[in-house]
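Note sheet for the following structure.
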Amino acid sequence: MGLEKSFILFSLLVLVLGCVQPSLVGESKESPSEKFKRRHMDEEGPYQSSPTYCNQMMKDRGMTSGRCKPLNTFVHESWAKVKAICSQDKVTCKNGKSNCHKSISTLNITDCLLMGSSKYPKCDYSTTARQKHSIIACDGNPYVPVHYDATV
């Protein structure tokens, strides 16, 4: 009887730990698609191109922590429109992989380029608003954007 109770209690403990542990670890983990959204999506977008837009956005989105990210592009379109690129023209990515897609239409974007004399921790960026085609890498199930590859 004592052995049965021990087995039942052990089984319950394993069950509880199995349920609790993944949620503790998983909550702070960012999926590739969530990382793409954080780094590249700004649906609201700048209504007017402000010279400080990139400095503020790069800082707010955590891309100047520990180093200055040299280049980043923000897309000012709906998530649905950006996700739809994953079913558009397939092209080869810069790294040679075949999971990139080129947008059929131009997108409203802002390119942030680290200025040459800028050094961490003071990351200064030039801000350039454009309408260009974008090349986006997609992955997963569902097939969603995971990497901004290029502007063309």
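Backbone N, Cα and C atoms are what each Cβ position is placed from, and that goes for glycine too.
Model, not experiment: these values are computed from the prediction.
Per Swiss-Prot, the features are:
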SIGNAL    1-25  signal peptide
REGION    26-48  region 'Disordered'
COMPBIAS  27-43  compositional bias 'Basic and acidic residues'
BINDING   Lys35, Arg38, Lys69, Pro70, Leu71, Asn72, Thr73, Lys94  substrate binding site
ACT_SITE  His40  active site, proton acceptor
DISULFID  Cys54-Cys112  disulfide bond
DISULFID  Cys68-Cys123  disulfide bond
DISULFID  Cys86-Cys138  disulfide bond
DISULFID  Cys93-Cys100  disulfide bond
ACT_SITE  His147  active site, proton donor
Taking a Cβ cut-off under 8 Å, which residues six or more beyond the ends of the compositional bias 'Basic and acidic residues' (27-43) line up next to it in the same chain?
57, 61-63, 72-79, 82, 110, 139-140, 144-148
Using DSSP, how many residues of the compositional bias 'Basic and acidic residues' (27-43) fall into helix, strand and coil, respectively?
9 helix, 1 strand, 7 coil
Is it possible to get the count of other C-beta atoms within 10 angstroms of the C-beta of the residue listed as 'active site, proton donor'?
20
Looking at the recorded positions His40, Cys112, Cys138, which ones sit with their CA no more than 10 Å from the CA of Leu71 (substrate binding site)?
Cys112
How far apart, in Å, are the two Cα atoms that lie farthest from each other among Lys35, Arg38, Lys69, Pro70, Leu71, Asn72, Thr73, Lys94, the residues recorded as binding substrate?
22
Lys35, Arg38, Lys69, Lys94: which of these binding-site residues has the highest Cβ count within 10 Å of its own Cβ?
Lys69
When you put the residue listed as 'active site, proton acceptor' at the centre and draw a 10 Å sphere around its Cα, which of the recorded positions Asn72, Thr73, Cys93, Cys112 have their Cα inside it?
Asn72, Thr73
Please report how many Å separate the Cα atom of Lys35 (substrate binding site) from that of Cys54 (disulfide bond), as a whole number.
18
Helix, strand or coil at Thr73 (substrate binding site) [DSSP, three-state]:
strand
Relative to the Cβ position of Cys68 (disulfide bond), how many further Cβ atoms are located within 10 Å?
18
Looking only at DSSP and grouping its letters into three states, which state does the residue listed as 'active site, proton donor' belong to?
strand
Could you check which of the recorded positions Cys86, Cys93, Cys112, His147 is the closest Cα neighbour of Asn72 (substrate binding site)?
Cys112
